[in-house]
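These features come from TrEMBL:
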REGION    1-42  region 'Disordered'
COMPBIAS  1-17  compositional bias 'Low complexity'
COMPBIAS  30-42  compositional bias 'Basic and acidic residues'
REGION    68-92  region 'Disordered'
DOMAIN    155-220  domain 'Serine aminopeptidase S33'
Amino acid sequence: MTGAEASSAKSSGAAEAPRSEPVPDAPARTVDESEFGDRVADTLDDVADSLLTDGSVVDDDVASLDDEAVTVEAPSRPATTKRSGKPVTASPVLSLPRAKHPEAVALFIHGGEVNASIAMYRGDPAYLRVIPFARDVERRSHGRIGGAVLRLAVRGWNEPEKPAVQDARWALRELRRQYPGLPLAVVGHSMGGRVALDLATSDEGDDLAAVVGLAPWASDEYEAEPFGTTPFLGIHGRQDTVTDPAATADLVERITAAGGDARFVDLPGWHAMLWRPMRWHKESSQFLIDHLLRKGSSAPDGR
């Protein structure tokens, strides 16, 4: 994220920028996930907070945005503290939907780093950034889609163990237990997008009704065929230098060529999804509304 974007986000509270303002070209160099986290940490907390408390009117069927979510915690695994590197244990935490009687559930997974044993914490910017997506789909669907948010135990993808994938599998099992028979979707940002792709192309994702990748960490290792009939939406910022927009577009093309249902949306902005954030929220929510709600029912238009 550039200084210009951070300055704009701070001064406007993440409001949409004027349409006439041009988006700068992407910088020539790239940054890794850890550098990305450091660069946006100073602004993302404030931005996420403003998005969560934007004063939107919520239907009676959706619990108050200020209420504490019901959470479920899994067994812990080894981790380290962020500052001192001291050994600790950490557990994934699943915040259940606030919608009281959902007809479908979407699981939202935050981003992280390639390799890191640092324990995630409640105020981590990467975790905070996906919460507005979960709350947005509950608002736009009038409580018919519940947004569950997974806080991973540790920040890293960490091949070959892939603890983030293990955490997500646990979360899906828990959601299937809590909401038996309801359609499920997975939405992931950055490394969380890679988790979503991993699930979608494995046996664990056979029953997923939709998958959304938000600036996902995609690669050509994901075969198009395993997606089958699972609809996939890839959204990417054109100026993203952390993950590759072209890789997401290529994956969508390969899924479509294999007869699958996939769509690519490119938006102006960077990896943190702070440039016109409501565009990101609406694209994701409307896709979930279109694919999760029961066919033949009167689905809201997501506005």
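The backbone N, Cα and C atoms fix where each Cβ goes, and this holds for glycine too.
Within the same chain, residues 98, 117-121, 149-154, 163, 167, 170-171, 174 sit at least 6 positions outside the region 'Disordered' (68-92) and bring their C-beta atoms closer than 8 Å to a C-beta of that stretch. Averaged over the domain 'Serine aminopeptidase S33' (155-220), the predicted model has a pLDDT of 92.
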